[in-house]
Amino acid sequence: MVNLIQNENMKIYKRWRTWIMIILLAALTIVMAYVIKQVSPDSTGDWRVKLEERVKQSEDSLKDTPEFLRKQVEEQIAVDQEHLKRDIPPSDTTFWGGVNNASLLIVLVTIFTVIVAGEIVAGEFTWGTIKLLLIRPASRAKILLSKYIASFLFALFMLLVLLLTSILANGVLFGFNGGLTPYLYMNDKGTISEIPVVLHVLKTYGYQCVQLIMVVSLAFMISTVFRSASLAIGLSIFLMLIGPNITPLLMRYDWGKYYLFANTDLTQYMNGIPNEGMSMGFSVAVLAGYFILFNVLSWFIFTKRDVAG
């Protein structure tokens, strides 16, 4: 199994496209840190003026805010007012706040990993190497598993590139400090809670990786079942980008809570604003069901169908 995984890793990293993706991710992380530094208020005092302005603007906009977004705006106002009351700068003016903002680029990591996972099986058919692959003594299940593991090892490497680049870039711009600064948020009971900002950052990265796992598993399944890299990559990226945007529409129906992308954003439970009728346990159970379905379909099709034909 180890040799199979190493072989798949060699296929991934010997391609120039892979290194372009790595360099692009690192470059965008640095640019993002610089832009945030330029627009962030000074944490030594200027932040209060900017935050007071934001509170006023949010309060003025409440009357025009759609009902389904009003609660979120009201909770943000309450958190901002607590920052002012306790004289605690918002985390986005700190080193760890910059690292946390970089988690938005996990979407880019997901897209890059989808490109790899979407091609890793279908590409064998496109290049005509599938028969050579299957004459090895390893079982089809092991071959498929090695490709699946290699896809996520690539994702892990990209996440490390993102995190380390973000730490270095934000450390240079903001200074390496503030790990114990409290992060304020509205909990699910409607009260203000706090945790160390470094813990909040780790939770944010962990929760946002859930969508990565699900979308990459979807792309891998489509690649295996339909033998089409373009379909796997295109459809998976389309669903990832469009799926969350139609969640509010589907949540009007009872079955909407079982929709995949209504459950992939686990940060809704961390921020205290989950969809009605849903809980962390419920979302984990739904995601587990989809995860098992995607992988069972991949395994069944690849091991039972005449893939060499």
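Cβ coordinates are placed from backbone N, Cα and C, and glycine is handled just like the others.
Feature annotations, reproduced from TrEMBL:
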type     : residues : note
TRANSMEM : 16-36    : transmembrane segment
TRANSMEM : 104-127  : transmembrane segment
TRANSMEM : 148-176  : transmembrane segment
TRANSMEM : 205-226  : transmembrane segment
TRANSMEM : 233-251  : transmembrane segment
TRANSMEM : 280-302  : transmembrane segment
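Of the candidate ranges 16-36, 104-127, 205-226, 233-251, 205-226 contributes the most Cβ pairs within a distance under 8 Å of the transmembrane segment (280-302). Remote same-chain partners of the transmembrane segment (205-226), defined as residues 6 or more beyond its termini with a Cβ less than 8 Å from a stretch Cβ, comprise 103, 106, 109-110, 113-114, 117-122, 144, 147-148, 151-152, 155, 159, 163, 232-233, 235-236, 239-240, 260-261, 264-267, 270, 287, 290-291, 294-295, 297-298, 301-302.
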